[in-house]
Each structure stands twice: as C-alpha cells, then as structure tokens.
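Report on one structure; see the data block that follows.
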Amino acid sequence: MHRNFLKTDQLTVAFGGIVALSNVTLSIAEGRTTAILGPNGAGKTTLFNAIAGAVRPTGGRVFFQGADITKASPSRRCHSGIARTFQITQPFSGLSVRENVMVPLAAGGMSMKQAREEASTYIDFVGLNAKAEDPARVLSTGQRKRLELARALSTHPKLLLLDEVTGGVDRPSIPELLNVIRRLREERNITIVVVEHNMEVLLGLADDAFFLNRGEVIVEGSIAEVADHETVRRIYLGDADAAA
Amino acid sequence: MLEVFGRRPYLVLLVMALLLAPVPFLQLNDYIVHVLTLFLIFAVFATGWNITLGLLGLKTLGHHAFFAIGAYASALVSHYFGVSPWITMWLGALIAAVAGIIIGFPILRIRSMPHVAIVTLAFAEIVRLVFANLKDITRGELGFWGIPPFNPIGIGDTAIRFGLGNAAGSFALAAVLFVGVHLILLLLLRGRCGLTFLAIRDAEAAAESLGVRLAAWKLFAFGISAAVVGLSGAVYAHYLMILTPTSVAGPEMLISLLAMIIVGGVGRFFGPIYGALLLTATSELLRDFGDYRMLLYGALIIVFVFIAPAGIAGLKPRLGRKPAEATKPVEAV
Amino acid sequence: MSRLSFPALLSAGLLGAALLGSPAYAQEEISIGAVGPLTGPAANTGKDHRQGLDLAVKDWNEGRGDYVSKNPPKIKFAMEDTSGKPEVAISAAQRLITREGIKMLIGDTLHSHSTLALMELAPQYNLPILSAEPVSSAIADKVLSDEERYKLYWKGNWNSSGYGTAVHDFYKWAFDNKTIDPGSKKIAFVVEDTDYGIANAEKIGELFEGDGWSVTSTETVPPATTDFYPQLSKLREAAPDVVVSVFTVANSGIAFVRQLKEQALETSHLAIYYPTKPEFLEQAADVAEGTYWAALTFSSELNPEHKAFSDRVEAEYGNPGTYSTAHAYCVMQVALRAIDAAGSTDPDAIAEQLKNTDYPCVVGRFKFDKDHAVQSGPDFIPVPVAQIQKGKNQIIWPENVATAKPQ
C-alpha cells in the first residue's frame, strides 16, 4: 500500500485577492476512502479542482503516485489514473447515456464500435441500463450522479474524486448510490476522496478525514476522530444543522 | 447524437441527393438554377460554420473571414499563376484551415463567450481590411476580376462548362460539392469527432477530466470548419468570377449566414441546409412583393425564430423531453 | 419516416415552389430591366435611380420622349433589388432575363463590384448591358482586356479618374490665367483611407507630377476623423502650394476646413466630394469662404435646367431630384434612343447604336469612349469645380458652365 498515493505540498490557490486554499499539505493512502469536510466556502471544491487539474495552483505542488503532476492538464491526469465527478453534475446533455460513457472510452483510444459495447459494462455497474439510450438531459439528479460515476469509472481510475455525492439527490435514491460507491472500492480497489455534507453518509463510507476551514486543514485523522473533534462539531455540525 | 443527426442521416442525405440530381436535366430557366446554386454554396458554408458554432458550441462570429480567405486564395492563385481552379479550390480550403487553426489558438485561452465572439468578429474585420488594402494584388474594393471559371469537363462529345451563365454545369458542380462535403462530414461527425465535439459543447470541464484533449480537438474543429467554409468560398469565387472584400467578408455576409444557421437550427447537422434553402429561396420568391420584400423577409425570420426556437431541423416530435429538465446545468467553481 | 418528415417536406416544398415558377414571355412591348440597391445601405440612391429610370420610360411611352425614329417602340420597365450584393445582382438580372424577357439591362445602377459581375452576363445571354452610375476604372480596364467579349457592355458614367483630370485641368487653367500662383510647385493630400480617397490622390498626384510638380505628402486618415492637427502640423512644415482633401463624411470635411483656417496655412485648398453635402455649407460657411471644390455636378440653385428637372421629379414622386435621379434618367434616354435607332432588339445593332451615341442630356453630353465609358470633361459630362463665394456655391470651371469668376 502506497501511503502517499496522493500528496499535496503547501498547495495554495488564490483567485485574485481571495485565497481559497492556503498551504494545504495532505497525504492520502492507497485503497482507502478519505473524506474532505468543511463548511461552505472552506475550499473543498477548490482542493478537488486543484488535484484534478481544473484549477492552476498559485503555489505548492501535487504528487500522484510519487510523480509531480502540478502542471499536468486535466486530460493527462485522467490518463494517469485520476477521475472525478462534479458538485453540480455535468452530463453531456445532448448525448445519450451510452454516448456519455463512450466519450472517455473513445478518448482513451477505443474504436467507436468497441466503445459502444464496452459502455454497457459501466452503465450496468451503476444500474442505468434501462436509461442507456435516453438523452442525458432527461435524467434525475441521482441518475446524473450515477452517470458521472459510470463515466469516471470507464477511465479505469486509480483515484476517484467524488464531489458532493448525495447533494441534491432525493432521499430514497441515496442508499442505492452509496452501494455503488462501496462496490467501487470493494470490487475495483479504487482509492476514493469524497466531499460530502451528510455526516451519516460519511461515517458509513469513509476511513479517514480532513477538515478544512477557510482554506486550511484544521483537523485530520480517522473519520470517527474527526467527526468527534470539538472544533469540527462547533464549526461544521453547527453549520450543517443550520443548513438542514 | 440523435438530436444532432436524426435517426437516419444517410437516408436524408440520399433523399436530398435524389432531389438535386434531376435539376440540371429539367431545362429550368437559368434564374432558378442560379438561385439553387447559391443555395447549395451557402448551405456548405453554413454547415461548415455550424461545426464550431453548433457542434463545438463556441460563439464564433468570424467565419465569413474563412469564406473570403478561401475565395481570394483560390482566385488569386488561379489568376496570377494560371493554376486550374480544380486545384486551387483545395488550396483555398487548406489556407482557410490554416487560418482557422491560427485563430483557434487565442480562442483556446478565452473562456467567456462574448470574448470569443468579439475576437472572431475582429479577426474577420482584419481579414476584410487586409484584402481591401492589398490593392496591388486584390484591387481592393474596386473588385478583383479576371477569376477563371472551373475548366470545362468533356464527357464524350459534350463539354460541361462552369461559371456564370453556365447554369446547369455550375449547379452540378455545386451539387456534387454539397453532397460530397455533407457525406464526408457525416462519416466524420457520426464517429469519434462528433461525439467529442458535442461532449466539449455540453460540458467542457467534464470532457477534459475524462481524458479529452481539449486544445487538440478544438483546433481540429476549427481547422475542419474553416476548410469547409473556405472550400465553399473558392467555389463561390470561380462561379461569380468577381470578389470584393465587403461582399465576401462584410457584415452582411455574417448576418445572412447566421440567420440561415439560426433559422435552420444551430447544432443540428441538417439545420443549416434547411436555413440556407429557406432564406435563399424566399428572398427570391418574395421579389413578387416588390418594396415589401425585405420587410417580409425579416418578418419571416422572426416568425421562424418564434415558432421554431430550435430551428427548422428541431421541428420534430419531442423525444419525451421534460421541459423542466431541458435546461443545461452550469458548473459553479 | 416520421422523424425526417417535416423538414424534408418543407425543403421539398420550397424546391418545388422554386421549380414551378414559370417564365412569362411574349409581349408586344420591349422589356428593359434594371438592377440596383433598393434595400441596404445605398437604398436611398437606388430609389433615386428608380425614379429617374421610371420617369424616362414614362416620358417615352407618353409621347414626351426624344425619339430617333418615327415609330418608337413601347417600353416595359422593371427594376429588381440587389441589396448591394453581387450574387444577388446576378439573381436579380437572371430573373429579369428569364421572367421578363428583357432585351436590355441597365445595371448595376450604383455599385461597381456588382457591375463587374453583371457584365459577364452580356456575352452569356447575348444581352446589351448599360451600367448607370458606377465609376470604377476597373470596369473600363476589364472591357479593354477583352473588347470582343464585352462588346455588348457599356458604361454610362465616366471613369473614376474623371475627378483627377478635372482637378488637374482646373488648376492648370487657373495657373495659366494667373488666378492662382503655383509657387514652388508642391502639392499635398489629406484623404480618407478608402479606395475613393486614395485613388483620387494617386491620380491627381500623377497628373501634377507630369507637369513638374512634387507631391510632398499623402496623409491618410480613417473615415469620419475630425482631428487633423497632426496632419496640419506636418503640412505646415512641408509648405505645399496646393492641398487637396478628400472625405466622404461631411463632418470630417467641416473639421478639416475649420482647423485649416485656424492654422492659417498659405495654400490653395481644393476639397473633393464632401462639399456636395448640404450640411457642409450650413456648418462651415464662415470658414470655407474661398474653398475650391469638386464636383458640383447637379445644382438646382445655379442651373435652371437642373431646377426644371428637379421640379418635374418633385411633381411626379414628391421629392426633389438629385444628380443620381438625373443621371439615371439620362442613361435610360440613351438606352431607349439606341433601341429606337437600332430598329430591332438585335443586341449587336443596339450596341452599335450605343457606340454612336452623342446625346446632350440634363447632366451633360453622353458620348462613349473607346473603353465603352462615357467621357467626362468640359465638352462631355462636366465635372465642374466650384468655389464658395459669399457663403454660396458658384461654378468657376469649366468656363462654358461657370456662374462666377474665381476670387
């Protein structure tokens, strides 16, 4: 097991004068599921974007499997094994569910014919077979989240970044979605980093956790430790209760 | 890709080809054949533009520059160096493609659509001014004349002639161009290319995170799009045999072509064709209304935009789409 | 099929509609067509052309024509819109050819680029074509490049070099009779950065250089410029004896004349085009006194014949006539007389009669040169040079049409 499977070193992201991430140094171990916690605006999505390459850091470095990927484009990071989903889902709405999954397969060099067949594997995995030929724009939010999982999965990721897994998903659909995520780890041994507000969900999903506030890591440890931490309870759970 | 191409795109193209095929043999008067020839040339132009505008989703407003580049490049080379237009038309397309890739580079870095629009619009204006000011070569706004028509093709004893006044031959050439370009684009866009272009259009960040090399694909789209537009410009030049910077790269060309694409259906493969036919044909059919012609023409465009906001090509049974979910989500960073 | 039905049906319908429109042939009258910009930026001028052409046909059909034969044919006239675009001009002309069966085309009435395209139709359809107001020398060059091919094409206006010739000839005349002092024979230009501005500067410069003059500078400015201090300070240094300015926007001209006056340069100034705009004299009369300008081609105030024509247009259409109306009227007269004289609609016979044209009309005498363009100059269509005297325009050259002496 790789202890520093993903590592950020003094990672800083500033947008104009606003510092969204400040000197974040963290390590994520291979094969584990790590939660990133924090109140709104703490910098969780910015951290995700910096790891996935969608945002250029203003300082610091990102290492993946020991290699410095700070300057790599998102597509190169994808090819090296990092995949992500989005806080606000980003389906290719003009394409069918199957075609959505074919996009990464074709980008990976597969022929269209192969990609069309291969897509079924991932669509089945997330349980969208009944919707395979429908345009993505007709899917519900929960289905879109699953579609993003299928797309991400088809890139054969080693590291999967999940942004707000249950955000906007109706309650009855949540268990099915979590089940899919658990299977990712169990059946495919994918290292997962997840941003999630729902502590209940996280306790059943994550091993480790980092707590971010105002762009800095304040608390880290196992998910149970972090969830119980006094500061976390004060800042975050208060915040979450207020939000709920 | 269903909503872009429909269920049987090859069948649609075949039907179009079959409708066009008998036209040169119908002994129609030259006026009608000329209008249909213009329709075919503008349809190819609009289809080419639609690749970046509709399929890639970039608000590029400067494609009339590629039309002008293709037209002038082919016309100048054939005029000054005596090269056959059959060869120079490809050169025109190639030079337009290179220009497309060059203008593609700054656009890669621009995320805001209004800025893409401004940059491409400015590019077209620069191209127009360059052609207007290279007076020693292009004669500027005085007009570049002496453009040779396509060389005649002999079949048995009869020679097919091209250029203004040779209506049937010119139509046949435009029809072959039309069917050929659309066939090649169908083969290309129904595959990996189209899939990737549409993915970039719908969710650029997602596509990139899934391994799509944005820069390469966008430049490729610009190249293809500009090449098609440039090719149509070259055919236009050797057909009309006169070019002025304003008539090919001026704002009127921009507006006519955008209207064709919008009325026909932005982002629908066959949309620009319907738009080109509707606008080219009606602007002529409306001549019977004399002074009210342009008024009716404008009203027609407005009516079509209202009754068919997705364009003529979008006028089909809705695919069980729920209106509430039809809006595209945007990423909040 | 249902999924491709609507668009397919629509396109089939349109195609069908386009195909079924049948030509209407056979009439006893002779059809003449015209194409020009009735919509778009130049629509105002196109409208003037239509009135002029229409009025000439009306006069002809109602017994007021200037006939050649005893039995002049009746004329049917139709004009189509080009929107100022060459490909639409071709559509418009072909529609007239196939639907109206026209025996002669007046076109383009305004645009040179459309004319360059239209003249290709003359050999293709064996159709006499006479353009109205286009001036581009490129058209005449094209005729000379292949006279046999363009034998049916004639250009009803003088070449764009006409201004240059007029300005040169005026100054030569003024130097000869000591109205203006040539000084050290230096000329300078301030012109707008368009073909019109630059071509005029080049032509005038060329003619002056032929007389031993030197061109000190040619300053170009974007159209609609109103700040000329940088250009004027350069002029002050070069100290030219003659300054020629060319702008198509009246505001530029007003600003230029005002700033020239402020700088008090000791030079003779000749303005091209912008003083034809009425607002020039309204706003710059105080500073423009003594300015020479070209060309006062149409003036209801000075020329009773122009006044009479303008009044006729006013009576018929409710707006005064302009140079464009009068010129179009004359072009149609020339066309009608050629058809009348030819005695048939044979294209070669009509072209032959056009070639023989020598006809004095309201804007001047129409006579074609070897390049198929009508000639300009004191003996033909005058390009008169005017001077602003006591806040009013006066023609000072050529002498045969002058209304005042230069001051």
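Cβ atoms here come from the backbone N, Cα and C positions, even for glycine.
Values in this document were obtained by computation on a predicted structure and should not be read as measured data.
Among the features that TrEMBL reports, transmembrane segment is placed at B:9-26, B:32-58, B:65-81, B:87-108, B:115-134, B:167-189, B:219-242, B:254-282, B:294-315.
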Q: Among B:9-26, B:87-108, B:219-242, B:254-282, point out the range having the most Cβ pairs under 8 angstroms from the transmembrane segment (B:167-189).
A: B:9-26
Q. Out of B:32-58, B:65-81, B:87-108, B:254-282, which stretch touches the transmembrane segment (B:219-242) the most, going by CB pairs under 8 Å?
A. B:87-108
(Q) Under 8 angstroms, Cβ to Cβ: which one of B:9-26, B:32-58, B:115-134, B:294-315 has the largest number of such pairs with the transmembrane segment (B:65-81)? (A) B:115-134
Q. Out of B:9-26, B:115-134, B:254-282, B:294-315, which stretch touches the transmembrane segment (B:32-58) the most, going by CB pairs under 8 Å?
A. B:254-282
Q. Residues sitting near the transmembrane segment (B:9-26): Cβ under 8 Å, six or more positions beyond its termini, same chain?
A. 33, 36, 40, 168-169, 171-172, 175, 178-179, 182-183, 186, 190, 269-270, 273
